[in-house]
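For reference, Swiss-Prot has these:
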DISULFID  33-59  disulfide bond
DISULFID  35-75  disulfide bond
SIGNAL    1-24  signal peptide
């Protein structure tokens, strides 16, 4: 019985290893930086919300993603002085 189970597992292993779910394809897309290009700044009045994502296993850089009032998203350069001012303004606007 044990050898039959072992044979079945050995036969199924190549099929499982080559399937899309077994390779983790969707996870690989999530484990990368979202911002490939950044802009130095966008006018504060055009920003609806702001996401600041610290470095982590998915990306070694801090990422600042602005959702604009027209629904589009823009990656901002976290090192740019204008972006740092925008982040500070957004933080001050958050009720405590």
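Indices start at 1 and increase along the chain as displayed.
Positions of Cβ are set from backbone N, Cα and C atoms, glycine also.
Predicted, not measured: the structure shown is a model, and the values here were computed from it.
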For residue 75 (disulfide bond), nearby residues of its own chain (Cβ under 8 Å, 6 or more apart in sequence): 34, 35, 36, 37, 38, 39, 63, 64, 65, 66
Where residue 75 (disulfide bond) sits in the secondary structure, as DSSP reduces it to three classes: strand
Listed in sequence order, residues with CB under 8 A of residue 59 (disulfide bond) and six or more positions away: 32, 33, 34, 53
Among 33, 35, the most crowded of the disulfide-bonded residues [Cβ within 10 Å]: 35
